[in-house]
Amino acid sequence: MKGFFVTGTDTGVGKTFIACGLAALLKEQHVDVGVFKPFLSGELASDPQSDTALLKNMSETPLTDEEVTPFIFKEPLAPYTAAKLEGRTVGLEDAVNHWKKIKDRHECFIVEGAGGIAVPLGEDYFVSDLIKALDLPAVIVARPNLGTINHTYLTAQYAKQMGIRVIGIVINGISSRPGLDEQTNPDMIERFCGVPLLGVTPKLEDASPTQIHHMIKDHVDVSLIMNQMQMGAEK
């Protein structure tokens, strides 16, 4: 099947905005797209402001909250830590089994992780292991400012070492008046990471669905993502 996994260099880099905008744009291009965010911490999926609600809204999937996000934890912590505090255990096979139940409901899926690529989801597995288990390529979302070259390079190299195909990188949240760091980091990241720079997206003051949609449409090369997905599906 077609699809990709949106991961990040850290928490709070804008994975949900990027995933939502890509879902909306693919939908606009008549792609039957679904969304899957298996782990959610510190929010209720039914909350209209939750990541799950935004993903469902912008993809227009008929999947239920529970199908999109089967594992929800009260505390805003790494899923493994949050689950331990509740006396719960979620194994990799549990996440994969939920995926198998929905993966044929849409032609294409956008899956969003939790935090960065090495965040622990369970006792013996990380986000990277989930990406591998779902057999999807990855889109990495990175921040634009000082220090991001190091974090993005480490994320991309780790993904490659894990055998994860990286479609490209989106640098999200660049300011309206970027300093030298934000001006120079995109070129350095593309050069050193050795994967395509899919786009550099602005910091949104109004993160409404419409603004998110236009941000992706104006600043991200979605055709490159589609081509990379097609190449992967044909292998």
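Just so it is clear, glycine is given a Cβ too, placed from its N, Cα and C backbone atoms.
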Legend entry - Swiss-Prot Mg(2+) site partner of Thr16, Glu112, selected from Asp47, Asp51, Asp135: Asp51
Legend entry - Spatial neighbours of Gly14 (ATP binding site) that are distant in sequence (at least 6 apart) but have CB under 8 A: Gly8, Val141, Arg143, Asn172, Gly173, Thr201
Legend entry - Lys37 (active site) versus Thr16 (ATP binding site) - Cα distance in angstrom: 9
Inset, instruction - Specify all same-chain residues, apart from the site residues Thr16, Asp51, Glu112, whose Cβ lies within 8 angstroms of the center of the Cβ atoms of the Mg(2+) site, ordered by sequence. - result: Val6, Lys15, Phe17, Ala19, Cys20, Lys37, Thr52, Leu54, Leu55
